[in-house]
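This report concerns only the one structure given below.
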């Protein structure tokens with residue numbers, strides 16, 4: 001979806017591109033050969049990388065069974081959509097940029113604009129579908145396991161294409177202004193004010209708000225779980241410092257005949273806590289050291305282990321035991337905090353990339369139609385904004401697939417042609 005025409009800057013009317021309002025901007029139709037060569041190389045490289053990256057994601061999901069799940073079906077559908085952008089839209093957009101004017105005729109222009117808006121909108125809405133799937137998975141993990149079916153994924157994917165279709169078709173049915181087709185060298189989407197609001201909010205602003213809410217709640221839910229784990233670890237460490245590790249706490253009452261076949265009893269130490277059974281000591285309410293002694297049930301009778309004084313001295317090292325548990329607790333605490341930092345980083349990359357690529361474009365797309373006589377966009381800035389939005393189709397497979405270890409393993413198999421041998 002182009003915001004501005006490829007070239008704007010002198011004193012002739014510039015050919016506006018999709019989602020451009022024209023305004024009081026001007027441009028040149030003739031460009032230098034060096035500009036065409038450099039632009040062709042840059043845009044050709046971008047298109048090639050976008051095609052290759054998204055094709056690899058699709059191939060990985062199709063060939064690797066471990067990747068064939070609902071979450072990855074959504075990522076695969078996103079890759080297919082971005083592949084369509086790369087193959088059907090970007091070559092014509094690059095030609096428009098290189099030649100600095102539209103040369104393919106009005107019918108092709110209408111088709112180009114429809115495909116542009118349809119595919120780019122569907123790509124953005126796929127990001128919403130992935131966010132929604134992740135939100136359900138993390139906030140309702142038990143029930144959503146049964147609801148997370150291929151049919152639900154297909155419904156979400158169909159909805160993204162339906163909304164994209166509803167946004168891309170109206171200009172072809174007449175929702176445009178008479179000036180939209182006045183310049184044969186320009187290929188522009190409808191500059192109608194009503195359609196501008198309808199298309200920009202439907203394709204970006206509402207999805208952006210939805211993604212911010214969903215990923216905000218995902219972060220809060222993930223942070224709550226992580227901090228709950230940290231508190232549990234800290235509580236376990238506190239219990240250990242008082243001499244009661246989870247493995248040594250009774251699971252049933254002492255007289256629980258219907259309970260487990262093993263019990264643990266505390267008896268007052270005769271050695272003031274210097275000796276212990278099974279390597280654990282804990283304090284009683286009155287400060288006396290209690291030795292933990294195993295009691296095993298055999299049939300209907302109880303066999304008592306001999307007291308330490310009877311079985312001989314069994315030295316223990318409660319201090320060492322405590323230090324070890326403290327180290328374990330600290331390690332788990334650090335792991336939990338690392339997970340929280342990774343969550344923040346991942347969500348930051350997802351939202352940061354999406355906003356960086358598309359927000360400048362849609363700000364211009366929304367503002368320009370309402371300030372035709374007073375707005376001016378520099379040539380270079382207009383081109384950067386246009387292609388920054390398109391580059392999101394290149395970055396999506398990197399963010400959603402290449403950072404995933406399962407996908408990395410599948411890509412290695414593809415490179416080494418292991419699937420070919422199979």
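Yeah, the Cβs are placed from backbone N, Cα and C, and that goes for glycine too.
Annotation comment: Swiss-Prot describes 116, 120 as serotonin binding site. According to Swiss-Prot, the motif 'NPxxY motif' annotation covers 396-400, on the basis of similarity to another entry. Look at Swiss-Prot and you will find 1-38, 99-107, 175-193, 371-378 tagged as topological domain 'Extracellular'. Marked as transmembrane segment by Swiss-Prot: 39-59, 74-98, 108-132, 153-174, 194-216, 347-370, 379-403.
Within the same chain, the transmembrane segment (39-59) stays apart from the transmembrane segment (347-370): fewer than three Cβ pairs sit under 8 Å, each pair at least 6 residues apart. Within the chain carrying the transmembrane segment (108-132), a Cβ under 8 angstroms from the stretch's Cβ atoms is held by residues 1-2, 18-19, 71, 74-75, 77-78, 81-82, 84-85, 88-89, 92-93, 102, 156-157, 159-161, 163-165, 167-169, 171-172, 187-189, 199, 202-204, 207, 210-211, 214-215, 218, 350, 354, 358, 389-390, 392-393, 396, 400, all 6 or more beyond its ends.
Within 10 Å of the C-beta atom of residue 116 (serotonin binding site) sit 25 other C-beta atoms, taking all shown protein chains into account. Residue 120 (serotonin binding site) counts 29 other C-beta atoms within 10 Å of its own C-beta, drawing on all protein chains shown. Taking H, G and I as helix, E and B as strand and the rest as coil, DSSP gives the topological domain 'Extracellular' (99-107) the counts 3 helix, 0 strand, 6 coil.
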